[in-house]
Amino acid sequence: MYLAILTLPLLSATVAGFLGRKIGKTGSHLITCSSLVLTALLALVAFYEVGLCGSPVSIKLMSWIDSEFLLVSWGFIYDSLTVSMLLPVLIVSALVHIYSTNYMSEDPHNQRFFAYLSMFTFFMLMLVTGDNYLVMFIGWEGVGISSYLLINFWFTRLQANKAAIKALVMNRVGDWGFSIGLWAIFWTFGNLDFTTVFSLAPFINEELITIISICLLVAAMGKSAQIGLHTWLPDAMEGPTPVSALIHAATMVTAGVYLLLRSSPILEFGSTALILITWVGALTAFFAATTGLLQNDLKRVIAYSTCSQLGLLFLVCGLSQYNVALFHLVNHAWFKALLFLSAGSVIHAMNDEQDLRKFGGLSRLLPFTYSMMVIGSLSLMALPFLTGFYSKDLIIELAYGHYSFSGNLVYWLASVAAVFTAMYSIRSLYLTFLGYPNGPKINYNNIHEAPLIMAIPLVVLAVFSIFFGYVTKDLFVGMGTDFYNNALFIHPNHSILVDTEFGLPMSMKFLPLIGSLLGTFGVLAIYWIFDELPNKFISTKLGRGIYRFFNQKYYFDNIYNNLLNKFLNFGYTTNKILDRGAIELVGPYGLVNVFKSASNKVSGLDSGFIPTYAMYIFNGLILFITLIFFIGDPRLFVLLLWAVFLLPNNTTQK
């Protein structure tokens, strides 16, 4: 069963990819969807056996690298962390496959699309089930390649090409960090197996642990789109909407957080790295929330909400509360997939229009989609008793319960981010469903609600977005839960969950919720009562500057294009002049060219004309005679003559 969880997505991807022309579009739909649904059911069984019954499973397939210094095998582990990750990965992937059968029905490349989706899922499964860092790295790279193929699925679109290349290049930075981290782990521990590395981590020098932790942080920042390496995530919206749902909810961006969760036995002994992780997460959450407030593309608004929520996950990992991070990661998958698929339903109904300014008045025309979008947005805002409430507010409370300088600051940053999250969620809902109709008339004339095959995944995700957090709260973050066993490690000195639960002032617990409600009513008041206020504010010089700053994403793209590219071009020029210029000129190519040129010139002296040879003899004689004037001692001149006339005779005798 456990091997089937891995092999079924790979089998469906292979069949749809290589036999797509034989089985057709319907056959590809049937094989990929049935395989993913079956795999999701097996994941539920695995969650029951491993997570609830406490029976972890380890599988060793075969030896991969067997040398004197390194032993790596194709091994897979199913513990509480793995099966918890399998739930969002496989359930969301199965629902996305079902949803895509109708959403992508008119596309001529259905077989390729579903093959890519299944391959994406397979590599994510390899990433979360591998029992050593090298197998994880294979899945890590596979997820990156699959995301490139899916973002660039419509490869005739220039923007899709740029977005895919951007995603690949930005993730290369994270891959660089992971690669160095792998070498550092091998050099430090002599092994890449999780059990060996984690057992030895408490006895390793803290400086080495910090270096390894920072390398893993860089890797996670690239894959999970943290500030500085986040610019690829909004541009990834150029791919089909089901791809966006899969990338943002279950795969790709969660890989970086999973790396931190799996490496918790290492991170816990690198205090400096934990502080860095906390601040990276807090700054990302604040940055993404403020940026999403003034975006005009529906999918980009949701993309920045993903970036902000990932920042909260990093924040709580830096606070060493890995169980809360896993809980919010799973919760986030449900309502984020619901938001993206609901947005896809709106875009599908409005003739592929994505601009919020060209929507409006859709609540009466798309009541079902409107209901789904409201559920997803309220769960994202952490409205009480929805799924997001049980984990998101707990993260913010833990920041204050850390009782440190960093903890207090990141608490306020996260609280402000929560306020902006509520504001851009309500803004996107209002502009899409409640405002005045602003789109072309033809879009409204042809509008249609999502068909049944697209509605079923939305209903399932809505149920998870409402009830999952309440049902599983005690399992994931309850006091004294033994769900994790040894899958996660929290140093006893870093355990603050009990203090936060019972020792935090009630005012600090309610502050994020009150701020979110104030932000909600503030946005509604601006659009319903003071509807002219936004236009008046933007018409001022200060308003234009603020709007442009947030709308242009803090000018990160401009900075990279105008400043970073200059350094890269300088490096390219230096490489071209030195490595491929001066070094080659005086190196092998230069020597070969010098000898070739000299030999060509010497061979050109052989003209075949007797007068030319007579001139050579005469010039040689003149040169020989002039040596008398340069050699002061006549005995040296006699010795020279003797050498000239006797050397040929010696050669002849031999």
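Using N, Cα and C of the backbone, Cβ positions are placed for all residues, glycine too.
Taken from Swiss-Prot, the feature transmembrane segment covers 1-21 (among others).
What Swiss-Prot lists as transmembrane segment is 30-50 (among others), and the listing cites sequence analysis.
If you look up Swiss-Prot, you'll see 76-96 (among others) marked as transmembrane segment.
The transmembrane segment annotation in Swiss-Prot covers 113-133 (among others).
Among the features that Swiss-Prot reports, transmembrane segment is placed at 241-261 (among others), with the record citing sequence analysis.
What Swiss-Prot lists as transmembrane segment is 274-294 (among others).
The transmembrane segment annotation in Swiss-Prot covers 301-320 (among others). Long-range contacts of the transmembrane segment (301-320) within the same chain, counting only residues at least 6 positions beyond its ends with a Cβ under 8 Å from a Cβ of the stretch, are 220, 224-227, 230, 233-234, 236-237, 244, 248, 253, 256-257, 260-261, 264, 267-268, 274-289, 291-292, 295, 328-329, 332, 336, 339-340, 343, 356, 380, 392, 395-396, 398-399, 402, 407, 410, 414, 417, 421, 424-425, 427-428, 490-491, 494-496.
Per Swiss-Prot, the feature transmembrane segment maps to 365-385 (among others); the stated evidence is sequence analysis.
With a threshold of 8 Å between CB atoms, the same-chain residues lying at least 6 positions outside the transmembrane segment (406-426) that come near it are 275, 278-279, 281-283, 285-286, 288-290, 292-293, 295, 301, 304-305, 308, 311-312, 315, 319, 377-378, 380-382, 392, 395-396, 399-400, 508, 511-512, 515-520, 522-524. Annotated transmembrane segment per Swiss-Prot: 406-426 (among others), in sequence order.
Annotated transmembrane segment per Swiss-Prot: 451-471 (among others), in sequence order.
For 510-530 (among others), the entry in Swiss-Prot reads transmembrane segment, with the evidence type sequence analysis.
According to Swiss-Prot, the feature transmembrane segment maps to 612-632 (among others).
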Please determine whether the transmembrane segment (113-133) and the transmembrane segment (510-530) are in contact (criterion: at least three Cβ-Cβ distances under 8 Å, sequence separation 6 or more). no
Positions whose Cβ lies under 8 angstroms from the transmembrane segment (365-385), at least six residues beyond its ends: 305, 309, 331, 334-336, 338-339, 341-343, 345-346, 349, 392-393, 418, 421-422, 425-426, 428-429, 432-433, 444, 447, 449-450, 455, 458-459, 461-462, 465-466, 470, 512-513, 516, 520
At a C-beta cut-off of under 8 Å, are there same-chain residues at least 6 beyond the transmembrane segment (30-50) that contact it? List them, or none. 1-2, 4-5, 8-9, 11-13, 15-16, 23, 56-57, 78-80, 82-84, 86-87, 89-91, 93-94, 97-98, 101, 114-115, 117-118, 121
Going along the chain, which residues at least six beyond the ends of the transmembrane segment (510-530) come within the CB cut-off of under 8 Å? 381-384, 393, 396, 414-416, 418-423, 426-427, 430, 434-435
Out of 1-21, 241-261, 451-471, which stretch touches the transmembrane segment (76-96) the most, going by CB pairs under 8 Å? 241-261
The answer for the transmembrane segment (451-471), taking Cβ pairs under 8 Å and residues 6+ beyond its ends, is 91-92, 95-96, 98-99, 101-103, 327, 330-331, 334-335, 337-338, 341-342, 345, 348, 368-369, 371-372, 375-376, 379, 385-391
Lying 6 or more residues past either end of the transmembrane segment (241-261) yet within Cβ distance under 8 Å of it, the residues of that chain are 81, 85, 88-89, 91-93, 96, 99-100, 103-104, 117, 120-121, 124, 127-128, 136, 140, 143-144, 147, 150-151, 153, 174, 178, 216-217, 219-226, 233, 267, 277, 299, 302-303, 306, 310, 313-314, 317, 322, 325-326, 329, 332-334, 336-337, 340-341, 343-344, 347-348, 488
